[in-house]
Amino acid sequence: MSFNSFSEFLSMGGHGLYVWLSYGLGVIIILGNLIAPLQAGKRLRAQLTRRLIRESKGS
Amino acid sequence: MADSKWMPRWFYQLASPRWCYQICGKLLPWFTVAALALLIGGTLWALIFAPADYQQGNSFRIIYLHVPSAILAQSCYMLMAVAGAIGLIWKMKVADMVAKACAPIGASLAVLALLTGAIWGKPTWGSWWVWDARLTSMLILFFLYLGVMALNSAIESESTAAQATAVLALVGLVNIPIIKYSVEWWNTLHQPATFKLTEKPAMPAEMWVPLLVMVIGFYAFFAVTLMMRLRNEILRRERRAGWVKELLLSK
Amino acid sequence: MADLITQAASERAQIGPGGLFVATLRRDLMLSLRRKSELVNPLIFFLMVITLFPLGVSPEPGFLAQLAPGALWVAALLATLLSMDSLFRTDFDDGSLEQLLLSPQPLFIVVLAKVLAHWMLSGLALTLVAPVIAVMLFLPAEGMPGLMLSLLIGTPTLSLVGAIGAALTVGLKRGGVLISLLVLPLYIPVLIFGTSAVQAAVTGLPLGGYLALLGALLALGLALAPLAIGAALRISVSG
């Protein structure tokens with residue numbers, strides 16, 4: 001443990017802004033990279049399924 | 001493709017989009033668990049337990065994001081170029097898809113490395129951007145990614161786009177070491193021996209072990225997001241294939 | 001009949017690589033010389049960009065002299081880039097590019113000749129006018145040999161790398177901006193060594209090392225770029 005209290009942990013010895021900004025951006029980019037393909041996959045599956053059903057009805 | 005006996009069997013199985021889709025589906029949960037465990041554990045270790053640097057204080061903790069994302073951004077380019085080459089030589093569709101899926105991931109990781117580097121620069125050098133050799137090389141790598149993505153989206157035919165971007169990625173791969181060397185050399189010419197962000201003479205184990213954990217965690221995360229994108233791409237391109245229709249209608 | 005065709009083919013194939021190189025070079029030079037406006041455009045662009053620096057930054061001679069090596073190299077680089085789009089464009093539009101790819105001649109040599117022809121009318125021309133324009137930026141006289149030599153060795157590399165971008169985008173309707181995106185990052189090493197050579201010449205340092213590095217880049221480009229250009233042309237034309 002390199003911090004004695006939670007407020008000390010948050011302030012990061014005066015560098016809190018930089019450390020937390022970096023880690024915030026890290027979380028955003030990592031989550032973005034997971035959520036974007038997940039949603040794209042869902043949309044794609046829905047779209048392809050709809051088209052298949054339409055085609056099977058049409059024929 | 002059929003006649004060479006020296007290639008292992010899995011290489012040809014990889015060429016089958018269906019097999020690849022299934023194997024990715026099986027591997028995904030394992031990699032997701034590993035990525036989450038390593039990234040969360042590594043972050044906690046990095047933020048709470050790792051000691052502060054005696055010179056840079058706690059801003060040093062940005063290294064645990066900056067270095068892994070920079071390493072991954074470079075590895076990703078290499079994978080993209082190699083996959084592109086395999087696609088060019090063996091006309092393997094899956095390799096083309098891997099190369100295409102790599103570009104946005106690599107670009108986003110390069111952005112993360114650039115942003116964390118810039119933020120780290122503020123407490124270390126006193127300004128939000130410094131023309132440091134590593135940051136400049138990373139910026140150029142980001143430009144290379146942008147070029148690959150722009151070319152890929154500009155060409156309509158999918159197979160042509162894949163081949164053209166593969167050639168561009170290979171040209172970039174040859175150039176990356178030259179660019180890195182020239183930028184480093186330019187940097188020493190203009191800013192003699194400034195304080196380097198990540199070059200520590202000897203990092204103690206309690207500092208580099210969490211870094212190693214984060215690097216492996218980033219690789220696992222990269223595998224997860226790559227496989228997710230790859231599966232989407234396979235479904236989209238193989239939408240006329242029988243197995244995709246069965247898969248979609250079975251749900 | 002079939003015999004006649006193979007005989008004709010073998011006769012055609014008897015043009016050696018050297019003859020093929022010279023023939024392509026002559027054809028491309030002749031075609032370009034007929035379109036005079038396209039020929040001077042890069043030079044005018046070069047002059048205009050250089051004019052922007054005193055207007056945009058400061059007309060003060062000491063300051064401009066300091067800026068000159070970088071400004072001249074950046075302007076030359078952009079001028080080369082600007083001319084790149086037309087390299088394969090006309091051949092692609094009138095279909096002769098397709099004929100070229102179908103012909104039994106080695107593509108490597110043809111491509112090399114085309115790039116050389118293009119360089120002679122862009123890079124070489126830029127090198128020749130550069131001292132005149134450098135005077136306008138108050139580049140000291142000691143810097144002139146460095147400037148000309150570095151441009152002479154550096155601009156062929158720019159043409160070779162730019163040709164890869166041109167070949168990749170030749171099938172697209174609006175390839176111009178895209179070429180810059182693809183090629184500019186790859187130009188950075190040439191820019192760094194070229195500018196350093198001029199700066200070294202200005203301060204009286206030996207510039208052999210920089211010229212050797214530029215030469216090494218050129219050698220690498222000569223060996224590898226035609227392969228990439230050929231592959232890119234085949235992809236663009238077939239797609």
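Start at 1 and count along the chain as shown; that gives each residue its number.
Cβ atoms are placed via backbone N, Cα and C, with glycine included.
Automatic, uncurated: that is what TrEMBL annotation is.
According to TrEMBL:
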- C:39-57: transmembrane segment (TRANSMEM)
- C:63-82: transmembrane segment (TRANSMEM)
- C:119-141: transmembrane segment (TRANSMEM)
- C:147-170: transmembrane segment (TRANSMEM)
- C:177-198: transmembrane segment (TRANSMEM)
- C:210-233: transmembrane segment (TRANSMEM)
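The stretches the transmembrane segment (C:63-82) and the transmembrane segment (C:177-198) are in mutual contact, each linked to the other by at least three Cβ pairs under 8 Å (pairs 6 or more apart in sequence).
Of the two recorded stretches, the transmembrane segment (C:210-233) does not lie close to the transmembrane segment (C:39-57), with fewer than three CB pairs under 8 Å once pairs fewer than 6 apart in sequence are set aside. Contact check: the transmembrane segment (C:147-170) against the transmembrane segment (C:39-57) gives fewer than three Cβ pairs closer than 8 Å, residues 6 or more apart, which falls short of the contact criterion.
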